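**Student:** The following feature annotations were taken from TrEMBL:
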type	residues	note
DOMAIN	90-186	domain 'Methyltransferase'
Amino acid sequence: MTTSADMTASAGGPLSVGPTAATAGASAAGAALSMAGRGGDTPAPEGHQYAPQWLELRESADVDARAAELLDPLRIRLANLPGRATALTVHDLGCGTGSMGRWLAPRLDGAQRWVLHDQDPNLLRLAVARAPRAAADGSPVTVTTRRGDIGRLTAADLAGASLVTASALLDVLTREEIEALAAACAGAGVPALLTLSVVGRVDIAPAHPMDAEFAEAFNAHQRASDLLGPEAITVACEAFAQQGATVRVHPSPWQLDTRYTALTEEWLRGWVGAACEQRPELTQRAEAYLRDRLAAGAAGDLRVVVHHSDLLALPRPTGGVS
């Protein structure tokens, strides 16, 4: 069955549902955005931060999902940057515990300086402690940190940057914030690799009669407070293209099978909880639905494909190749 949905996660009792289920524990942040109390694939209540445990739980699925097909065109652009003899400077927006850097830095050649952006000092400390130390060719990788609201990022903030990255970010931004990000990247002449943006669809097998109803409620929850949710990838493509960038998009779905039983369980709890928060009248039926889904997962019979897209935006070159 195909439905419209994506992820959030929570902690709680074995069958905890309702408004607290989506908010009591970890949120679905790929490389958690702790900007203005929001993060990852779904918005969190104002002032909430994102649990490192959730980020750890989903990191392997993120690694498997990210579109490696976008790396070759990125490598070509980076290899032809003016002044490429110096280290690459990579700004990782909403870095969380640094999962994007752990994935990307060892896949790029050359010395790298990563600038990790997040508002949560605890996540920044974890990101620094777990940062990779070597590039693909053994060159050194160093990290620095910045705390602040990346919704206000400007071209001046990216001066000297070689690349902007983010994971599970776009869908928790507004249209204005995405347009500002595209303008900042264009103004600085810097490419952007923005991974794991939700597209509003999940495939669940075996199907259940209530899948579509929970999916619809979840997607409505994701669009709270003018956040773009599943529309973010389309808006971002338009925004970067309007700034003159060449934009490439590639699917990057989570494939949740028996390798990811714990992750699937947390995803289910949060998905149902967010739906109930959006439509409280679903709460009574949610307990039986969640029980059925968790039982199928525990038996190894549940398969979930959570659809995302990765975006690579290459600005109009000032020299070299595009």
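Just so it is clear, glycine is given a Cβ too, placed from its N, Cα and C backbone atoms.
Where the annotation comes from TrEMBL, it is an automatic prediction and has not been curated.
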**Student:** Could you give the mean pLDDT over the domain 'Methyltransferase' (90-186), rounded to a whole number?
**Tutor:** 95
**Student:** Which numbers of helix, strand and coil residues does DSSP report for the domain 'Methyltransferase' (90-186)?
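**Tutor:** Output for the domain 'Methyltransferase' (90-186) reads 39 helix, 23 strand, 35 coil.
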